[in-house]
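Undergrad: The structure's right below; bear with me while I get my questions together.
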């Protein structure tokens, strides 16, 4: 039986009105199923369109891992809403106006497998920020505790569920602790997503402002900024909304946390696949940038600056050069950077 902290009289006061928060939770469950289906479609595109051949083996493994973990999470959601005590508590949470505020947390497996989806996904985007920032060592060191903290809540909830089956502890006494841990977990997740997204966008914008007059390079940066701005913002918004809704709704009614929480895991799932499948969109701009540099270098080699004047009129060569010629090392660094960016 999942944790629900409320007076037993709640089960004797079932009414026909469905509260707005419960409706929202139910719609969120439907939305999570739709996002999961979208993620499966993107996974199909990733493998059928041979995006995996252009990816590092670790990225292909990440896709397989996220697919499996989010599918298991979806299976536990269906089980919780249809089988056993969890289903009965869902009905209570959806149709009851209780005498005291409470939270229906649901099964610990939902949070555990959601964390197994979010942690690798956030690690990928942190790696991108780390690569763009010059591989500063403090970035993974600071990020690791926030990533691992997302496993604390499901582990604690799992332990309390096992205690309840053994009747060796009172779940009501741990209600406020669980609530605080859950809020802290959502806050850490939102913090990671928001900071990562803002940092990536800032680093790309900084390079965009310091660019040379090369249109293709600008196109790479603009496309990457477009993707980075959407990297973690949606998941951060959902996590913040969940915290606000939790703090507002709990004093008046049961708030079925598993409902709205369901949106986070498939959002991470979809975000990973969208970013990986859109690399060709970025790579096209990167290839144009490299071709532009190559054509400039070729024109310089073939140019004859010692041609004699004809008909008394000086012959002029017209080239559209950048404001500053790139050195050999700068050209090689930019070529390597654009290749690595498009393969992240």
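Numbering starts at 1 and runs along the chain as displayed.
Including glycine, each Cβ sits where the backbone N, Cα and C put it.
Sharing the feature lines straight out of TrEMBL:
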DOMAIN    189-280  domain 'DUF6534'
TRANSMEM  24-46  transmembrane segment
TRANSMEM  58-76  transmembrane segment
TRANSMEM  88-117  transmembrane segment
TRANSMEM  138-161  transmembrane segment
TRANSMEM  181-205  transmembrane segment
TRANSMEM  226-248  transmembrane segment
TRANSMEM  254-276  transmembrane segment
Undergrad: Using a Cβ distance cut-off of under 8 Å, indicate which of 24-46, 58-76, 138-161, 181-205 has the most pairs with the transmembrane segment (254-276).
TA: 24-46
Undergrad: What else in the chain is close to the transmembrane segment (58-76), if you only count residues 6 or more beyond its ends and a Cβ gap under 8 Å?
TA: 32-33, 36, 39-40, 43, 46, 52, 107, 109-110, 113-114, 116-117, 120-121, 124, 265-266, 268-269, 272-273, 276
Undergrad: Over the domain 'DUF6534' (189-280), what is the model's average pLDDT?
TA: 78
